[in-house]
Ligand SMILES: Nc1ncnc2c1ncn2[C@@H]1O[C@H](COP(=O)(O)OP(=O)(O)OP(=O)(O)O)[C@@H](O)[C@H]1O
């Protein structure tokens, strides 16, 4: 077979050849069940044909004759072949599903390793590699999809009704046998669903371990961390750790995420026993002449119809797995909706006009032990520039997160012109804010989109976009890009380009500025120029103060020299304001600000 001429067939052949490498045992089981699924219906058909041929002789010879005995034996053989074909079909589906899932995991593993191996990282920006990685991330996850549960329910419901009907037909022959079948299937179904539920929950709750494996894999496969991983020579260490985690995970998968053999034995044993009892009773009734030949045929067909029901095949398993996350998602939706605070207070269109006040604020991050703020008081005057300085962990970023309503204080209030922020619609409040956070996002979108995301309705206003670019010194850079403002900022996209850290920071600053152009009244800049050198940062801040004169600006910085021109500087330490004033006042105070400023200025001078 030439792969060029039959690429689809060649891919299937490649896949089949991989199966023994996934699991020899399962591949052998799949081959065996394939043979059974193919031959058992044939055997049933042959037995049925022979039976039909035997009927005239059996009828002529009458009950109790050797001819009629042979006819009943053929009937029993046909019934067993039908039942066995049904069971083999279910087993076949289950083996194929497990093998398929393991194949996906193996492919995922092999791709992760292959992509992590090269010493360079150029291939991690190759479009074809990225496409495969995108697919690889989804592998092995298909089985937990709600769509599968819908498909499963749609398949099982008619089978269930059909099986109940068949049991009722059998009840006409023997009430106890009919009743036994009527109860047997729901019992098997519930038993298997309990088993599938156990497996599903096990996988679901092990998502923490999965996340770690996935994290290690992404360290090896993503372009961003790949740089450091290679520079630090961590590749072998990483792959070794990934391999260990992976085999632990796969080991757990093999051990626990399967239907327990005992359950399978009990279920199949019970079904076979009930089938044998039904068939023997039927044969007995036929041989004794208690039930006519035609009726026996109907009952035998009803027995066969009972085995169309899938209690332990793929549909049943996928129904259970696929349905598992649905109530969890709805529950989460309810829980998060109840966390949305009730808003009622209206902000005046021009607010804030007077002040933003932090009043006895207490705040601890969820799951953190130490509070960040315990009684913080700070009043920010509108229309002036404020700089917040302080050591690492002093609470500077937390302060602006509270201001932006990204977290709510545990105690105290944030007041905007006297109105408690807790009662104001966060969406309304945020239209008045423009913020650039320390860990700003590098959107793999066009330059224009990157800049106008704060006010996307004005994205077409090219003049406004340039107005935001110019003070940041990036107009020339943007104009030199292949598609100017419409160039995608990503090395992973054809025709796109990546930028340096400082250039990215200027783009993010332009984004903040654009939102101000679009009407934001409070500008928050958290370490806005950490990627720039000290001089560039100072220049940029000076420029910012000029552009934003009259606006409420809050700038966070480590570099004391940068913020000296701010109208007001507060020094935070351990979540409280320890110094407050303008540059001259704080220098005269001779405290923490003065010492840090002098130290940094000396270093800069040297
Ligand atoms: N998401 C979080 N969960 C738990 N604790 C956090 C979280 N973010 C920050 N913290 C803790 O809160 C404290 C204040 O952090 P914050 O980021 O506000 O400091 P910062 O002054 O901005 O520091 P830096 O100058 O290093 O950016 C620190 O002790 C930090 O460890």
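Just so it is clear, glycine is given a Cβ too, placed from its N, Cα and C backbone atoms.
If you look up TrEMBL, you'll see 71-91 (among others) marked as transmembrane segment. Packing against the transmembrane segment (71-91) from elsewhere in the chain are residues 33, 36-37, 40-41, 43-44, 47-48, 50-51, 54-55, 57-58, 268, 271-272, 275, 279-280, 282-283, 286-287, 293, 296-297, 300, 303-304, 307-308, 310, 312-313: each is 6 or more residues past its ends and has a CB under 8 Å from a CB in it.
Feature annotation from TrEMBL assigns transmembrane segment to 143-161 (among others). Through the fold, the transmembrane segment (143-161) approaches residues 97, 101, 185, 189, 200, 203-204, 308-310, 315-326 of its own chain, all at least 6 residues removed from its boundaries and within a Cβ separation under 8 Å.
Annotated transmembrane segment per TrEMBL: 167-192 (among others), in sequence order.
Annotated transmembrane segment per TrEMBL: 262-283 (among others), in sequence order.
If you look at the transmembrane segment (289-307), the same-chain residues 6 or more away from its ends with a CB under 8 A from one of its CBs are 44, 55, 58-59, 63-64, 71-72, 75, 78-79, 82-83, 85-87, 162-163, 165-167, 169-170, 173, 181, 185, 275, 278-279, 282. Annotated transmembrane segment per TrEMBL: 289-307 (among others), in sequence order.
According to TrEMBL, the feature domain 'ABC transporter' maps to 356-599.
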May I ask for the residues of the chain that lie six or more residues beyond the transmembrane segment (262-283) and have a Cβ under 8 Å from a Cβ within it? 72-73, 75-76, 79-80, 83, 87, 170, 173-174, 177, 180-181, 184, 188, 191-192, 195, 291, 296, 299-300, 303, 311-312
Quick test of the contact rule: Cβ under 8 Å, at least six residues beyond the ends. What residues does that give for the transmembrane segment (167-192)? 160, 259, 263, 267, 270-271, 274, 277-278, 281-282, 285, 291, 295, 298-299, 302-303, 306, 309, 311-312, 316
